[in-house]
Structure formats: C-alpha cells, structure tokens
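As recorded in TrEMBL:
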type: REGION; residues: 1-67; note: region 'Disordered'
type: COMPBIAS; residues: 38-52; note: compositional bias 'Basic and acidic residues'
type: DOMAIN; residues: 102-500; note: domain 'Major facilitator superfamily (MFS) profile'
type: TRANSMEM; residues: 179-197; note: transmembrane segment
type: TRANSMEM; residues: 277-300; note: transmembrane segment
type: TRANSMEM; residues: 365-386; note: transmembrane segment
type: TRANSMEM; residues: 398-419; note: transmembrane segment
type: TRANSMEM; residues: 426-447; note: transmembrane segment
type: TRANSMEM; residues: 459-481; note: transmembrane segment
C-alpha cells in the first residue's frame, strides 16, 4: 500500500507542477510572439523552428524531459505493481472490498456447477437410482449403472460444455459478460426440468448435454471476469476462488445426497429432490449479476469510455480526488494496453490465438495447463462415492467419505493461497502434478488386487489424491489461464484452453 500511496502523491505533485508550467507557458508564448514579429524577415526555415526555442514549453521528440517522464511513469507503475503483489490478503480485501465482492458473486455460479455435476456421480451409488435405471449384475445380485452408461453420461455433459464454450465467445463480444451469464442461468433453469422429470437414462443424457452448455459459459466467464475486475493484489485469490466454488458445490451435493439416502431410501425423491434443489441458484444469482458492474476491459474495447469509468468507480475504493486519480490511472492503463494490442490486429479472433508466435505460445501453455487438470484423476474424484462403495464401504459411509474428501479439498485450496506466495504458480502446479502421478500409479497397482485391504487402501489414497489435487493443479490452473493470454484474446484463449 505504501508504493501505491507514493505513486498517488507523485501523480498529484506532477499535476501541480504541470499547472505551474502552463501558467509560465502563457508568458513564454507572449515573448515568443514578440520575437516572431521582430524576426519576421527571417527565412521560413528559421521561423519554423522558433517553436523549439529553449524558452518554449512545446514538447518535441528530442526533448530530454519526455523519456525521463516516461521512465518515471514506468517506474511508478512498477512500484505500484510490486506493492500490490506483496500486499497481504486481508489488507487487499480492506483496500479493494467492492472489487472482491463483485468477483465473489459472479464466481458463485461455479458452486452451482460443482453441485450439479457431482449429483449425477453420487446418484450412481444411490440404491433407488440404481434399481430404477440400472441393470442386475448376475455376479453380485445387485443393480448398478453400467460402465458404458456412466462414461456416456459424462461425455454428454462434456460435449455440451464444448458447445457452450464456443457459443460464449460471440455472445460476450455482442452483449458483454453480465448479460451472457444471465442468459446462461435462464437456460439452465429451463434445462433442469428435463433432469427432474427424467424417465430413462436417455433423457438424463439429453438433460446433461443441454445443461453442459451453460456450465461451459460459467467456466469461462467467471475466470475472465475475476481477472479483469480485480486489482493485481487480489487476482490470484479470486481466480483460484473458482476452484473453491467447485469444492463447495461438490460438498453440498455429497451432504444432500447423504441426507436423501437416509430420508428417502426407497423413493424417487431420493434423487429427484437433489435435482430440484438446482433451481435455488439461478434467480438470486441472475439478480445479483444484473446489478454487478460490467468488465471495464470489455467496455473500453467497445469504445464506451464513460461507462468504463463508472464501472471502475464501482469497483475501486477510496474517496474524493484520490479515488478519481486511481480511476483515471486504471482507465489509462486499460486504454493503453488495448490500443497497443489492437495495433497488431483490428479484431481479436480465434485465429489470432494461434496466428503469431507469441499468442500461439500463450494459447499452447494455457491449453496444456487445463489438460493437466482434467487428466490427473478428476474422474475418480468426481465419482468418489461410487468408487468408495465398490471398495466395500456401505452406502451411508461412502457419502461420509465423500464429504471428508471435499472438506480436505477446501482446506487444500486455502493452503494453496499461502503456498503460492512462497513457491510460485508453476512450481506449485508441477509439484501437484508429480505427487498425483505417484498416487495414481499406487491406486492403479492396488486395483489389480481383489483383497479387501487393497480396496480400502485405494479408497484412502483417493482422499490423499483429492487433497494434493486441490493444493496444486486445481486452483493454480484458473489463475494461469487468465493471466497468460493477452487482454484482447483472454476470453477466447480461456475457451480454447477449457475445450482442450
């Protein structure tokens, strides 16, 4: 905060000095006018250079004060960035409370997605769901959902997410982040009817595919909105908060499914009620997002400078001239960045993400980061209740283990906020990937044994896997994919990375 305050003070001093120069410049201009009258007979060449007289204050390309001023501005920005980077979390929250609140609101849509996607995986372990939609296993005498259907239903919502992600880009370009999110929430509320009134696994597949489209929208826009609305001091925390929302949603799903299993063990309400509870989220979230400020980056791209200024006034804190100065500085920074990027291309398209070497490398890194997150055991974590049940644990205890697992994930995400300050993004990502690789090899090896001890061991290691997943890869990737792309291509790069 000290660097930011000193920057503001220097800007004030610079503005006061500039006003003094303007006053002096008026007198200098009068003197130059007299000189021009006296030297009227001089050549055109001499007259054309009178404006560059040492007494004149008109800037020129050879003025040594210009690069000094630019160097001083760059140094000010660097000091402010360094000050924000080292700012403690609580200090940053006190300094930028409104930006944090709006970002938290928008990211809460991922709690709904985490809840929605975890419900179906938990239903596979629910006896009443197994009996209605599964087939009888002649070896065990129990009903179960076949592996082919489990994979198929998972692929359905993934396919829907891919479609939703690709549709998000054009809609955001046309109507902005807020209205795109509100539209996605509206369609999600409508698609939930299919899941609630499902009569077959085929209907569930259709419902999952349709719900996947707004889920894909949530995954992209929550990350990009948080990175654009938040100052540097809060960017890591509020982008990785997306993973925390996932974990909270999965925790709620596990708790509700456990309660449904206990209260409605033989009723369709055992799985219909969790589906119905999805309707709790869309309306309050849509109302909150409607009143949220639009991303100032999007507004500047559309040439709505006055609206961008008002958006910054709603997100930045402070009072009086100090706040006005902060808003002007941030607005100038956004405009300068966007203008510089637009010189490379008039319009940011998907082709621009891979056209030149710099953006192609950025897109490749973002895609590989998200590929690492989705291929390191997330399927086991998402279907953990069914996995525990197959390991020989009772249904009620399987849901309890899932609750413990998601609590460990939440604790690990909070721990990653501390660890990132000491190890950095990529080191934490690589550490998590290495640990998970070892754990997955061990779990796979234990799966080759039919003994009860091996089954319980693999189930226990799944909790350990969940902890390290939420400590390293899971939260860090949300920060990386939002920071790596350029601001002009941020939304489209995130879409490509998530689709990968």
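From the backbone N, Cα and C atoms, a Cβ is placed for every residue, glycine too.
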Averaged pLDDT, computed only over the residues in the domain 'Major facilitator superfamily (MFS) profile' (102-500): 85
Winner by Cβ pairs under 8 Å against the transmembrane segment (365-386), considering only 179-197, 277-300, 398-419, 459-481: 459-481
Residue numbers, six or more beyond the limits of the transmembrane segment (426-447), whose CB comes under 8 Å of its CB atoms: 369, 372, 376-377, 380, 416, 419-420, 454-455, 457-458, 461-462, 464-465, 468-469, 471-474, 476-477, 480
Surrounding residues of the transmembrane segment (179-197) on its own chain - C-beta under 8 Å, 6+ positions past either end: 106, 109, 112, 164, 168, 171-172, 203-204, 206-208, 210-211, 213-215, 217-218, 221, 272, 275-276, 278-279, 281-283, 285-286, 289-290
